[in-house]
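A.B. asks: Straight out of Swiss-Prot:
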type: DISULFID; residues: C4-C20; note: disulfide bond
type: DISULFID; residues: C8-C22; note: disulfide bond
type: DISULFID; residues: C13-C27; note: disulfide bond
Amino acid sequence: GIPCGESCVWIPCISAALGCSCKNKVCYRN
């Protein structure tokens, strides 16, 4: 539930390496 400061509209979350996932076109962690 914490925004990672990254969007994932066109590309995947680069911050996925930090445990972030795409939700509602924004990368979140927990």
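Including glycine, each Cβ sits where the backbone N, Cα and C put it.
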A.B. asks: Of all the disulfide-bonded residues given, namely C13, C22, C27, which is spatially nearest to C4 (disulfide bond) at the Cα level?
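C.D. replies: Ranked by Cα distance from C4 (disulfide bond), first place goes to C27.
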A.B. asks: By the DSSP assignment reduced to helix, strand and coil, which category contains C4 (disulfide bond)?
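C.D. replies: C4 (disulfide bond) sits in a strand per DSSP.
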A.B. asks: I'd like the Cβ neighbour count for C13 (disulfide bond), meaning other Cβ atoms within 10 Å of its Cβ, all protein chains included.
C.D. replies: 20
A.B. asks: Would you find the one among the disulfide-bonded residues C20, C22 whose Cβ has the most company, meaning other Cβ atoms within 10 Å?
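C.D. replies: For the disulfide-bonded residues C20, C22, the Cβ with the most other Cβ atoms within 10 Å is C20.
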A.B. asks: If you draw a 10 Å sphere around the Cβ of C8 (disulfide bond), how many other Cβ atoms fall inside it, taking every protein chain shown into account?
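C.D. replies: I count 20 other Cβ atoms within 10 Å of it.
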A.B. asks: Using DSSP and collapsing to three states, where does C22 (disulfide bond) fall: helix, strand or coil?
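C.D. replies: DSSP call for C22 (disulfide bond): strand.
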A.B. asks: Roughly how many Å separate the Cα of C8 (disulfide bond) from that of C20 (disulfide bond), to the nearest whole number?
C.D. replies: 11
A.B. asks: How long is the line from the C-alpha of C20 (disulfide bond) to the C-alpha of C27 (disulfide bond), rounded to the nearest angstrom?
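C.D. replies: Computed Cα spacing between C20 (disulfide bond) and C27 (disulfide bond) is 6 Å.
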